[in-house]
Amino acid sequence: MICPVIDLAQQLIKRPSLSPNDAGCQEIMIQRLEAIGFTVEPMNFGDTLNFWAWRGEGETLAFAGHTDVVPTGDESHWCSPPFEPTIRDGMLYGRGAADMKGSLAAMVVAAERFVAAHPNHKGRLAFMITSDEEAKAINGTVKVVNALMARHERLDYCLVGEPSSTDRVGDVVKNGRRGSITANLHIHGIQGHVAYPHLADNPVHRAIPALNELVTTQWDEGNEFFPATSMQIANLHAGTGSNNVIPGEFYVQFNFRFSTELTDSMIKQRVEALLERHQLDYTLEWVLSGQPFLTARGALVDAVVNAVEHYAEITPQLLTTGGTSDGRFIALMGAQVVELGPVNATIHKVNECVHAADLQLLSRMYQKIMEQLIA
């Protein structure tokens, strides 16, 4: 008999849910949850489907995730069609297998098994699911969180099913994430002929010393939980494409991944002071993607570590590396937030895959976390 986790994962992978299109994934999950006594509240915004579901009352443990996936790329490069889940040599292939339909299947089956074993569980088990995580992430978890906070909804613990593992399932648990803020900088000059530089003002030349200082600045030294803040230039643009025109504008986009040693306000102040010091004529727009968050050792981290040690027989590393996740929004509710999911080696790649056995193991870990916190 096929494993129920693998069966559900395959059902979800068959749905081509390119962000923010859910393609029917949430309906599958909702039917399974309603069948075991969950109350389900759709919370849709714009083009995005979300739902908040709960069973029981009291101290609340939520499982969070997303049904949307990234584009497949050239499908001819895949060994099998990306939305036709295939098992080869013990690996489940398909877009979303690792990020993160495998986790969603593991969560739902864990909930089914938990409710069967503990029909009168003492706490509240909840699900927070969105179809807008991989792309804009503006109508998904952030808006659900805002709506829940507005009505003072309780959330004590949240397990996000992002693919946190590196080499084997459970070897890495994310108990925090760095913040992310992007600067869109326009430096203004005067366009002119390259043969008459005295009649122009080259913004690229003016900007180079400032950019050099940005690149060489040590923004902080990090701390025991976070690496040092990093700044990376992502995009540059100047000029008309002609070799005889001095550009009149220079656009620079750069991003900070910052630790809890800094705030977004501190970064803004330091960057703007630097630009003023170099006497640049500029306009600057900031886009804050998320604040850093950290969940210290406590009930949730301990439960997750215990579950991994029990089923994987390894002690996971607690790390805050990598990109942002929806955990940054959920942390605003005051909840302890931890990420535990499959191996991330193939996420967003051609031939995305996950060990089928890992999903079964992951579901058991999720169930044990439920048992430790709300049984």
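Glycine is no exception: its Cβ is also placed from the backbone N, Cα and C atoms.
Here is what Swiss-Prot records for this protein:
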type     : residues              : note
ACT_SITE : Asp68                 : active site
ACT_SITE : Glu133                : active site, proton acceptor
BINDING  : His66, Asp99, Glu162  : Zn(2+) 1 binding site
BINDING  : Asp99, Glu134, His348 : Zn(2+) 2 binding site
Listed in sequence order, residues with CB under 8 A of His348 (Zn(2+) 2 binding site) and six or more positions away: Val70, Asp99
His66 (Zn(2+) 1 binding site) and Glu134 (Zn(2+) 2 binding site), Cα-Cα, nearest whole angstrom: 8
Asp99, Glu134, His348 excluded, remaining Cβ within 8 Å of their centroid (Zn(2+) 2): Val69, Val70, Gly96, Met100, Ile347
10 Å Cα neighbourhood of the residue listed as 'active site, proton acceptor': matching recorded positions from His66, Asp68, Glu162: His66, Asp68
Non-site residues, in chain order, whose CB comes within 8 A of the mean position of the CB atoms of His66, Asp99, Glu162 at Zn(2+) 1: Gly65, Met100, Ser103, Glu133, Glu134, Val160, Gly161, Pro163, Ser325, Gly341, Ile347
Cα separation, Asp68 (active site) to Glu162 (Zn(2+) 1 binding site) (Å, whole number): 12
Neighbour-count leader, CB within 10 A, recorded positions: His66, Asp99, Glu133, Glu162: His66
Densest Cβ neighbourhood among Asp68, Glu134 (recorded positions), 10 Å radius: Asp68
In three-state DSSP terms, the structure that Asp99 (Zn(2+) 1 binding site) belongs to: helix
Assigned conformation of His348 (Zn(2+) 2 binding site) - DSSP reduced to three states: coil
